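**Q** My structure is below; once you've seen it, I'll send some questions.
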Ligand code: DAT
């Protein structure tokens, strides 16, 4: 049975991991956290002093994921989306969180100063939504509110329905 590949993107803290793991368990799909994968495999090509974070080696990430992606049924979670091959994804969800919620989540994650401000600005300027629109066909890019546990449940239900429909249409 063929299954779709789903991309979950958005500013750090919007809830990609929470949604992605639960979705994978409900749909029987594979969850891939690109940040964790890069950390485990040291898939970096330097360190960004300004943003205080390692620089992802995008080519190696793509090489490592290619086989898995071609099988289908993968949920990819990353706070960037412009370097993945467009053909990988059947649907793209950009999670969105209001500032006050996001601020609290990032602060409790230990972010402060410039790092905290940069991430809040990233959400205000809808950077990831625009990146997704530039990288994928507009018809497959959807924004989802991710403020409350009720939003999470609604998003899970909606995406599950979409996956089931996709499987009916494609098998
Ligand atoms: P991300 O993977 O986008 O960085 P996360 O899944 O780690 O985000 O979530 C960040 C924090 O916010 C974490 O403490 C769980 C919480 N959270 C996620 N989705 C939520 C929602 N819909 N409502 C309330 N809290 C949520």
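For all residues, glycine too, the Cβ spot is worked out from N, Cα and C.
All TrEMBL annotations are machine predictions without curation.
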**Q** According to TrEMBL, 13, 15, 16, 17, 18 bind ATP; which of 60, 87, 109 is also listed for that site?
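**A** Answer, per TrEMBL (ATP site with 13, 15, 16, 17, 18), from 60, 87, 109: 109.
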**Q** Which stretch, out of 108-118, 119-129, 130-140, is listed as region 'LID' by TrEMBL?
**A** 108-118
**Q** For the region 'NMPbind' (33-56), DSSP counts of helix, strand and coil?
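**A** Counting residues per DSSP class in the region 'NMPbind' (33-56), I get 8 helix, 10 strand, 6 coil.
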**Q** Measure from each Cβ of the binding-site residues 15, 16, 18, 109 to the atoms of ligand 1 and list the residues where some distance is under 6 Å.
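**A** If the test is a Cβ under 6 Å from any atom of ligand 1, the answer is 15, 16, 18.
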**Q** Roughly where does the region 'LID' (108-118) sit in mean pLDDT, to the nearest integer?
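**A** Computed over the region 'LID' (108-118), the mean pLDDT is 95 on the 0 to 100 scale.
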